[in-house]
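Presented below is the structure to which this report refers.
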């Protein structure tokens, strides 16, 4: 018993060190393959006994696709708060596309080890060996580590749960729902798809791969994916009635605003990778659900005004060396912010919060101050030239913040839908292009990769 406790203490300390290194430098350099294997061994032991359907009690923050975009992941956690004070549910697709799939996954695993009751991880379609062989994770692992570690990561992915319920009122998964779900027993009776082929048939393939059918209400083969099905509004309505739930939350698709409500607000798609693949102008969102099941969206807005191709190698090198970590004890902050990324990548200023109906918003005013130009310096203690150059690229970006008393609960939404089921909520207001940006610490960002769906 003492040996086990001592071993756990050592692993926990290793996880803390890895998290600190990842958040400060965006890398795992300095840690051996054996260190990573120790984390993988521990997380596998934690995940193995978990069922396919995990039960969660609100409050919780729900994350969509991450896709190796480490900086955006850290910025989200910096804004919404961190465990043990806050609970997380991740809907999958941690790897591929972005450059930091390794660091994102290790960060998530370490957080799960340290806060096993507060961090919940689901499996996405990119946590399938065949998929992450083709879309970047294997290549990244071969470049940073070795193929053996890539195989072990996929063994751990096979132990991830498939779906989650929040207070038995909200059902969450990566892909979508299935007409094969007849009751809660259909979900609790699933077996984890530990063999690759098990991910490609039955109920599980739909939970990982399916998409909404926005053209008509029929169930069709998902031609775009080449696998699984498309489900319509009637399937959503029937499932909500059958399971007595109010909302379904899924990920799997890039959304321009970072999220979308569909089918009388019973289906929410959330996508947490802003400026996806570096070529899109999409926002990224997470959903926060309070203890009373009040729903709020937190969104990151990408910045088009900064391109790594405009920086010379000397400036990039100094910028990387001067990278600073996020706050160790972040607090929720909905004020105007601006995040300077390392490596000259696209910037993601924090857009703010608003309720699902975005009833009222307030905007910051445009900052007309002209920054003072300072000479280039390679001194690690002075990064003025880089920051000045970035400030010159700014044109002013909107920061939208909700009024907190405008957030609606799921119960009030249900009552409203019961009165006027044909009424749809007004779309969120377009953020002002003339808002100012306040300075905040830099964070890592992902480079261009692909514009395909998650």
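Backbone N, Cα and C atoms are what each Cβ position is placed from, and that goes for glycine too.
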Of 85, 93, the one that Swiss-Prot places in the same Mn(2+) 1 site as 65, 67 is 93
For the Mn(2+) 2 site that Swiss-Prot lists with 93, 125, 252, give the additional residue from the candidates 174, 201, 279. 174
Match it up for me: which of 373-413, 414-454 does Swiss-Prot list as region 'Disordered'? 414-454
Distance from residue 125 (Mn(2+) 2 binding site) back to residue 67 (Mn(2+) 1 binding site), taken between C-alpha atoms, in Å: 11
Helix, strand or coil at residue 65 (Mn(2+) 1 binding site), per DSSP? strand
Among 67, 174, all listed as binding-site residues, which has the most CB atoms within 10 Å of its CB? 67
So for residue 65 (Mn(2+) 1 binding site), how many other CB atoms are inside 10 Å of its CB? 30
